[in-house]
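Asker: Questions regarding the structure given below will be posed in turn.
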């Protein structure tokens, strides 16, 4: 639950919080009373409440900022189209095709692919297209096969096509030539077993299983695997020659931005360092940090593979410390947040063009908030989550990429009675004990080259959250921020449920000043439901709507370094609100900025 103080009582509350405790009070009773007063836990009347950032809400935003920067989605090239035949080329009239050697795919299905070619005079180029269609059918079905027309007499109109279905022979592994004889950190046998986990000697060679194995091997931090199919000893068999090379032991990133809150410092410096494959098993130890003027956070994480089919175990821990400044400095509000957890992830589907991953995790969280050296919140939270994430590339409308995730989370929030928060929670939001929420996001990057010309793209994003009951501040969502509605500050419009929609038209401008440039035009819209189950007097008598929406539009510019500047990136954007902010107090957003003013965001980042 986020701290709330009624505006009409704000001055009274601040004055009360700074008043000495009578000597007749015991320490425990005075702490409870001061906790209630400093939290604003008085019966709200006359005016709408003003939210104060707390450990839960700050930890939620900090965890978002601590995530390692993801790769910019790249559209795949469209597959080559069949070329038109030369009208002057020699031709032969084909009455029928005879397909020999096909066992994995039924011959009637293959014949159907060639039905439009029968009864026509075909050039050699068109006959090659018939072969390509069968090859593509095997490839789409996930099998390796060699297809060719053997030497033959086609004067009778009968064309024979030979199919040799590939079978797996054996696999070998060795250091890549680039290793130049240096000892490998990577465990070559682990790579071999990962690549061939789905293959069996003498069985049909599955392109899908081989692709999965190679991709999983390359997902292991600190190593790279390449493979070449070679002719095996038995007819139709293929052997696999695998080469393994080490990748950098240390990788990292750093960023300087104005993505912080006004109350803890808008300027943020963040960074991360990862130690890759230290044990040779594909493990990774990472450390991420974030700091601003009045907030610091650190997160440590270790992960390693279990088995050879992509299952991975991760354990992590994080800590955050903050102190509110600006308009809240007289409260001497400060606190900490801690978390520790473990989780498993498994790739249900792993392919170049489509992926689906399952996640399950268990986490313990702790939130402590103090005002004037008095404990006003001590919360503990145990959380179990189950999620799916994935991506899919397609050729629809010229080509596009889809990616998204869904997460079901169930937790139990516990409160310390001595702070008075149990009493306050029972009289209002009832966030204590069990809760459930569902969070999701869906995105598409669409190629618009066929409509607007080369370099044009449209990115559409939707995300939201559903809650079973009122939630604590750490589990709520908000609409404002540099990755959400960019016209509003971080943590603006917090609620238990919400929907966020974003559209961004972008244009690649070419290269200059050592990098590639991209211009962006965007529109953001969001709807928030502040409380799943409002209680009497929740709005302080202001008559404020429990649900409302915000919107904004703006322009952005991104520079991505190339050549000697590879790894550097600058993203700048300016956004302006569309309409009013129904939750504004005297024309001000939650951070004190004007609800009408435009807002700029800037981040300079470097990965290495």
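Each Cβ is built from the backbone N, Cα and C atoms, and glycine gets one as well.
Note that TrEMBL annotation is computational and uncurated.
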Asker: In TrEMBL, which of 54-81, 82-109, 110-137 is tagged coiled coil?
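Answerer: Feature coiled coil in TrEMBL: residues 110-137.
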Asker: What mean pLDDT score does the coiled coil (110-137) have in the model?
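Answerer: Across the coiled coil (110-137), the average pLDDT comes out at 91.
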Asker: Provide the three-state DSSP residue tally for the compositional bias 'Polar residues' (577-598): helix first, then strand, then coil.
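Answerer: Its residues fall into 0 helix, 4 strand, 18 coil.
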Asker: Per DSSP, what is the residue count of the domain 'POTRA' (92-166) in each of helix, strand and coil?
Answerer: 28 helix, 25 strand, 22 coil
